[in-house]
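Asks: There's a structure below that I have some questions on.
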Amino acid sequence: MDELLADFVAETREMLEQSGTELVAWEADPSDTARIDTIFRFVHTVKGNCGFFDFPLLEKLSHAAEDALAECRAGRREADPALVTAVLAIIDRIGELADMIEAGEDLVEDQNDIALIAALETDAAIEVQSDVSPVEPVSDEQDDAAPTAAKRNTVQRSIRLPVDLLDEVMKGVSDMVLARNDLARRLREAGEQPTIDGPFERLSAILADVRTSITRMRMQRLEHLFTSLPRLVRDLSSELGKQVMVDFEGGEVELDREMIEMIRDPLTHIIRNAIDHGVETPAERLKKGKREIGLLRFAARQSGNQISLLISDDGGGIDTERLGQKAVAAGIYSQSEIERMSDAQKHQLIFEPGLSTADEVSAVSGRGVGMDVVRANLERVGGSITVSSKPGEGTSFHLHLPLTLSIIATLTVSSGGQNYAIPRSYIEEIVFGSANSVEFAQAGARRLITFRGRRVPCLSLADVLGTEDNERCEWETKTLVLVRLASDDVFALAVDRVHDHEDVVVKPIAPAIMQTKLYAGTTLLDDGTPMMLIDLPSIAQMRGLVGEMRSKPALAEEQSRKKSKDGVPLMLFRGLDGRRRAVRLELVKRIDTVSCEAFDIDGERAQAVIDGRILPLAGLEHGTLPEGRCRLLRLSDGDSELVYTVSEVLDAAEMTEELVVSANDASIEGVTLVEGKPVPLVDGHTLFFKHSAPKRIDHPLKCRIPQDSDWARTILEPLVEAAGYRIAHEDDDDADLAIEIAGNAAPHGPAKETIRLRPDPEDAGDGSIYRYDRESLLAELKRVRTGRAA
Amino acid sequence: MNDLLLMCTIAGRDAAIPALRVQTVLEIDDITPIPGTPDFICGLTPLRSQALTVVDCALALGFDEPCSSPDRRAAVVEVDGHLYALMVDSAQDVSEARSDLVAIPGGLGDGWQRAGLGMVETETGPVVLVDIEKIIAGPPALAA
């Protein structure tokens, strides 16, 4: 509500400013009807808004002014200077009241207001003639208002700015970032210069902050969108004879203003559908044992540079049977295809164009145009939508939206010696053309690949762009990017190399370049060179890969595959010795490629630095590390992580055959057959047992050590800390353990247990431990710790 | 008509671009080619944080030979919110038009006739004033 109020105040102020010049002009020539019209519109709008907000005083004032002006417009009354003065006084008062509303003060009607209204009366001319009465009280009032005015200044102030200006500032900052990158490169080339590097670092940090703030300027709280929804829901539900309650969560999530406008319509559509088809009538609900009031929930959450928005109702859920029948009736799928579909797949049918489960077309929804348009709109702005539903319990729509319109997550690829960006949202998988799971085939002029039992058409980016002929293309050397379009059409795009993930700011391109239908925009890399963003849907369209090429049998095949082989997913790789091995896919968190410098190998101990963390390194027993760059599988058991060096990552596969357990090799779970060849499966348990670092203890025990002993501080302290203790401070009231050293002052303060150390190796018979008897000391520390922790 | 003109050479002939529309003249370092575009579009070049579409004026007029310019000078203009760098053989000074725009009886000849607004007199003699929009639309075969 506050937001609406702020809007009202801002709007009133804006109109006040605009009408300011009109007022002056009107004063000069009271008979000017065009001016009267403008001022009339202003007071009329204020009156309308006041009624909505319940500000009777404001309404009364504006209503009085409106009446007087209406008389003038109708020609029943002459606009004389007296009337002008009276109207001006009222408009001033409206401005004051708007300030008070903003400051959150109560609007109290006083004598002045009555006088102001009275001054508008035709026969009030005498009263006004004195020329003092309307002016005097106002000045009086201003004196009174002085202290409150000071208070008003503390209110958070906001201004309205044209988006163009923001864009300009944003552009300026982007320029600065590019200039900084350029400077950074030159500084790097020039070598280390502490006097320059310091301030430069600071500049970079400030620039990053400014950039964030500017991005935030474009952001608006989702609340803004949410405030308009209860009304919509109320209107729709009363129209349909249903009762629906709305619940919001995450209104504080911020989203690009333009994005909010873009999702307004899709959201409205989903709400319509939910109320019309989802939520049952109160009687039905009671029969089903639900509360008679339906619930529509909106929950927004930010995760990374995405916003996820969940819209769920507690209605009847999607009728998959009916949806299936409709799909068959509409000729989109055959009966047998529908039968093979899982429920989840059937739910997705609501995104098919021309489908509606409503038998009757109501005024609200059911015309069969809807969810397909909703999906198309969301995907146009880089978002996605999924649906899940449980019969009798409700339906949820899950929307994923990028934070801004102009920043797109992309994958950079190269073709013909040049880099291009591909929107990441379309990319399903990346495979090497040389991988043996990929087979190339030719059907007519069309190149096809077979991958995971699917035959998908394959395009070469170089051919699409016209830089290289298909004839001369060496498919095996290419990297294939599997692209899944919004329409579920899949094709493979062959590129020379895949480089990196990058979030890019997309800029529009000139019409002459747009005409090629190959590019969706351009972006500037950090070093300032432009890179084209490939328009995949358009390319697919041009190559006839959309719609009719849809491989429906492939869908069915995939489905049956899933049913028959419900194997454990594995990741196949080649170890350093060149042998094929496998690891459970669930263990693999990601695949990294690092240079040899990231390794630190010293005898038994091997570690690698990945993303600023030191992780244990495994897989070295199979051979020596290659020169240069090395591929690593990052494995995780949920708590700790380690990296496993491989010479090559092969493919994902499913373990469908029996696992033959090997008794005398603990490093493998066993051997299984993948594509008819034996593959040893790395044992995750052994691996993590051998390599994982002990888990950090969350609540270390406190240990006191003598403060006056150098030996205690430099030698004992690290040992105690490594054993999972924290060194107690003198101010700490209690400690779990104290270590005393014979000959030194005992540690200050109480402790629950004490270990005594002696400087001589000879047993003194007092239960003390020789201070270099590492094993006994660790054993003792462990005993205390486990005893305590238990 | 004392309009300011950017004097330049396109396809070996003296020509002029309305100077008021020219934001700056720059020497292009790197051009990122865009495969699949018509020949007269050379590619993109960065100017601060913007990407300019580089147009070869000679090719855009329908000549066979591209601009031959040692320092690759280009005039930066904005059309419909997009920035273009019009690459010319050479760009000289800005000078004043000494006459109104006049049509030449019998036309200006190939290419020039389509993309030329007409002829103006300047200090250095008559030049063809080119139509920026027409240049950006490219040679007739493509513009059609």
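Using the three backbone atoms N, Cα and C, a Cβ is placed for every residue, glycine included.
Found this in TrEMBL, in case it helps:
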- A:750-761: compositional bias 'Basic and acidic residues' (COMPBIAS)
- A:1-101: domain 'HPt' (DOMAIN)
- A:154-405: domain 'Histidine kinase' (DOMAIN)
- A:407-545: domain 'CheW-like' (DOMAIN)
- A:His44: phosphohistidine (MOD_RES)
- A:130-153: region 'Disordered' (REGION)
- A:748-768: region 'Disordered' (REGION)
Asks: Which residues of the same chain, at least 6 past either end of the region 'Disordered' (A:748-768), have a Cβ under 8 Å from a Cβ in it?
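Replies: Apart from its flanks, the region 'Disordered' (A:748-768) reaches 703-704, 707, 716, 728, 730, 732-742, 777, 780-781, 784, 788.
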Asks: Within its own chain, what residues at least 6 apart in sequence put their Cβ under 8 Å from the Cβ of A:His44 (phosphohistidine), listed in sequence order?
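Replies: Correct list: A:Ser62, A:Glu66.
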Asks: With DSSP, how much of the compositional bias 'Basic and acidic residues' (A:750-761) is helix, how much strand and how much coil, in residues?
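Replies: Residue counts in helix, strand and coil order: 0 helix, 6 strand, 6 coil.
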Asks: Over the span of the domain 'HPt' (A:1-101), count residues by DSSP class, listing helix, strand and coil in order.
Replies: 88 helix, 0 strand, 13 coil
Asks: Could you tell me the mean pLDDT the prediction assigns to the domain 'CheW-like' (A:407-545)?
Replies: 81
